[in-house]
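What Swiss-Prot annotates here:
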type     : residues : note
TRANSMEM : 27-46    : transmembrane segment
TRANSMEM : 59-78    : transmembrane segment
TRANSMEM : 83-100   : transmembrane segment
TRANSMEM : 114-134  : transmembrane segment
TRANSMEM : 143-163  : transmembrane segment
TRANSMEM : 176-196  : transmembrane segment
TRANSMEM : 204-224  : transmembrane segment
TRANSMEM : 237-257  : transmembrane segment
TRANSMEM : 268-288  : transmembrane segment
Amino acid sequence: MKRNGIVSALCFIGFLAAEAPDISVAEALVLLSILFFVPGIFPFVFRQSPVRAAQFMENGLIQCYPVAAFFAVLALVTEVGGFALIWWMYTVFNALYAILRLWETKIHRIEETSVLFGLIYLAGGGFWFFAYAAHLQIMQFGPLIILLTAVHFHYSAFLIPIFNGLLGRTIRKHRMLYSWITWVILLSPLLIALGITYSKTLDVIAVSIYMAAIYLHAFLVFTAAFRTKTGTFLIRLSSAVLMITIAFSMIYSFGVFRQEVTLTINQMIWIHGFVNAFGVILPALIGWRIEDAKPFDADSVKTFSRIYGKRKIGEEFLANIQAENNARYSGLVDDMGSLRSKDFSPEKLAPLILSFYEQTIEYNIKAKVTWSTWFRPLAIIYEWFSRRIGQIHLSTNPDWYRMYSKIKGVHSKKDGRERVRAWIRTNEKNETIFTALYSVYRSNGEGYMNISLPLPFSSMTGILKPYHHQEKLVLTSRRRKSRAGDEGIYLQTRAGTCPLPLSETFLIEAVHDNKLTAVHHMWLFGIKFLTVHYSITHINQPIERT
């Protein structure tokens, strides 16, 4: 990194000396990002992937950066546009690296997606820089507009998503608001570009939405708990200045829409360019380097099932994945002690709860499904689809009904997890309610229940953390306020894995010597939509379907 700093400083001094006294402020701004801000984000992005191909690309990008940056300077000093092609190709490889990370990552956390999208947008900046240096004619745009577009993609389109991602690594509250803000920030550069090209009205709308997102982003910055006073001051200063400069962008866009000159382009270069560089980007870079925000999943060892469903799941789905050695399991968990952590001591649970999870086949189950009022119209449609798919088939009938269950071994090599077993539950009509693939694992000293539900050409995985509460068992996917831990509900496809806006909690309680009750709550976007009550009875010979 020190080498990059020295090379960048020498290149920038050389550019200023060669161009003086007629130095283009816009050219200086784009070089400022190329020479200082691009290498400045390397610690936030690189050295964070276990994928060998990504690590190989990281090393190449770090080693090749000084050469690519040098050719970018040459392109402006010599006016040989071909030199800018080197920088463009370098940014393209950064984008390919980001796409590889997105493709290979196990969990598509919204904050990490935001960081990587910044690298993808940088490739757009590389293209517009090449277009300017090579004097390409693009639509009706003049050279200055092309250069300013390159500046835009080397600044806000590139760096704001990265800073937003770093904020996502830090905040513990308002996660839903953060997700919406992030998607606006990620999509706004495209909407603004379309507006500038095709529609002044769209441009005003896009800038307005982007401005609202930036102001809400500032709210999160000013309510976030940072580690250091210096980092807090610099990051909040950056956010405050950004609120001012984005307001000037709104004024400029509105003037273009009304065909009235409110601010000239030269004024915008100083306000939106120079001030952003030294009042927004530089403080944020220094502040985030001090904070050193790490990804939530940096130390996670979570694994996901490699088994995906077909068009129909049902009980027959298990034919291809049943264990080759016909392994037999009597419970969902071999030993509840494998889930032990500082928050969970199995010996503090009622013995009957331990018995149920370790000897599940010795219990009969009845269930009662209650959909929240607001969700009932959707539940009717959902029931129709779930019956045909044969998975997560929950009735709209509010009455109690019996569940017939059995446990079968699953081929662990095909699944990718250890000691996997399927818990199959059917109703009195012989319709499959659930086919759930159970496993347990440990990560960072904590045990988790890993439950995979095969879906058509995908799977949904619930990673549940256990807690003891008096003699009751709590299993939940809801993330802790500290954002530590692996718990959550995830959708996995061959394209990758992403968290879902779902959460669930089970509360299991022993009410008699041979009877348990369980309550299963589910939330969508934090709003409860489902409650399932279970009555679980221990008998020596459970009822089987005849």
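Start at 1 and count along the chain as shown; that gives each residue its number.
Heads up, the Cβ atoms here are built off N, Cα and C, so glycines get one too.
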Original post:
Per the definition of 3+ C-beta pairs under 8 A with sequence separation of 6 or more, do the transmembrane segment (268-288) and the transmembrane segment (143-163) touch?
Top reply: yes
Original post:
Would the transmembrane segment (143-163) count as touching the transmembrane segment (27-46), if touching means at least three Cβ pairs under 8 Å and pairs must be 6 or more apart in sequence?
Top reply: yes
**OP:** Establish whether the number of Cβ pairs under 8 Å between the transmembrane segment (27-46) and the transmembrane segment (237-257) reaches at least three, counting only pairs separated by 6 or more residues.
**Re:** no
**OP:** Report, as numbers and ranges, which residues of the same chain sit near the transmembrane segment (204-224): CB under 8 Å and 6 or more residues beyond its ends.
**Re:** 160, 164, 167, 170-171, 173-174, 177-178, 181, 184-185, 188, 191-192, 194-195, 235-236, 239-240, 242-243, 246-247, 249-250, 253-254, 257
